[in-house]
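The transmembrane segment feature in Swiss-Prot is assigned to 13-33, 51-71, 82-102, 106-126, 152-172, 174-194, 219-239, 253-273, 283-303, 306-326, 344-364, 366-386; the stated evidence is sequence analysis.
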């Protein structure tokens, strides 16, 4: 046998691909262990008032946008995302440690959130590195990215129930230290197994920006994804309160609905990735938006647990395609700027949270929880109009 080099290369590539999948899951689980219980942590442990809890989420989103955009531009210019991801994981460990033992609201907001923003940036930087690796090795980027996104969805199927079990069964300290362990393992995996692809500095200096011909479409896609994520954030904020206070259904139904949707998102992402080249990203995003319109129309009319659970298939189509294709759409509109493109996509979710937090509170205060879904519907209809004007790539 004289084919050992080829076999070795294949094994090396498989090991790298497997490492990417594990890192995607770990970055997802680190976030899924913290986010679902944050409002309870702030209320019960930090003793923050409801308005301060809302301000904490808004402040987190704003700081996260500033940090992630700074790191994205720096990584696209100077390269070697591997070292940056390890650095972000280290700061993520420090953030989790601070949340585990500190109960001062302002320390957590300004120091904890700042450190957490670096930790959460490990995820988009990992996706950017994966895209560059796929392009360099000739791997199908769409399917590879879809598998990685599916790992994050899997983390969100497992993470929230585990977070509640750790926080309520043991303590928030145990929960945050578990998230710190996830960051540690993630950093070690990145350092040992992910490729290091340094960029050569260009001779000409200047700022990296989207190609002129794509700037309009990039801005339009930012608006589209922000509206879609914003409507989803409205749903996440409003749905549990709507289920409990207006439909008077069991509290656990909200958790079952979220878990069902997250589980259904995984095959949706993989199917969307498989058909992306054949059908086009714009067409798939339109399918997602139509699914969103049907989903929110159903939420406006549904009253029984069976129908609410059945609607999660439409929710999975909506979020599964957005989560799997939206990021790739940005990357294709911004060639050579994988970090900026991926972070720009990630920040559409953060801006969506800022919008949703304000809208949900005001609408529910003036009218009721049911009315919030009308605003989500309006946002999705606006998305459909925007999708008629964007070009395919």
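Positions of Cβ are set from backbone N, Cα and C atoms, glycine also.
Since the structure is predicted, the reported quantities are computational estimates derived from the model, not experimental observations.
Taking Cβ pairs closer than 8 Å, the transmembrane segment (306-326) reaches residues 145-146, 149-150, 152-153, 221, 225, 228-229, 232, 235, 243, 249, 253, 256-257, 260-261, 263-270, 272-273, 276, 281, 284-285, 287-289, 291-292, 294-295, 298-299, 345, 348 in its own chain, all 6 or more past its ends. The stretches the transmembrane segment (106-126) and the transmembrane segment (13-33) meet in space: the count of Cβ pairs below 8 angstroms, excluding pairs fewer than 6 apart in sequence, reaches at least three. Long-range neighbours of the transmembrane segment (51-71) within the same chain, counting only residues 6 or more positions beyond its ends whose Cβ lies under 8 Å from a Cβ of the stretch, are 38-39, 42-43, 84, 88, 105, 108-109, 113-114, 116-118, 120-121, 124-125, 339-340, 343-344, 346-347, 350-351, 353-354, 357-358, 361. Across 13-33, 174-194, 219-239, 253-273, 283-303, stretch 219-239 shows the highest tally of CB pairs under 8 A with the transmembrane segment (344-364). Comparing 13-33, 174-194, 219-239, 253-273, 366-386 for CB pairs under 8 angstroms to the transmembrane segment (283-303), the maximum falls on 366-386. For the transmembrane segment (174-194), the partner stretch with the highest count of Cβ pairs under 8 angstroms, out of 13-33, 219-239, 366-386, is 13-33. Outside the transmembrane segment (366-386), and at least 6 residues removed from its termini, the chain residues within Cβ reach (under 8 Å) are 220, 223-224, 227-228, 230-231, 234-235, 237-238, 241-242, 245-246, 286, 289-290, 292-293, 296-297, 299-300, 359-360.
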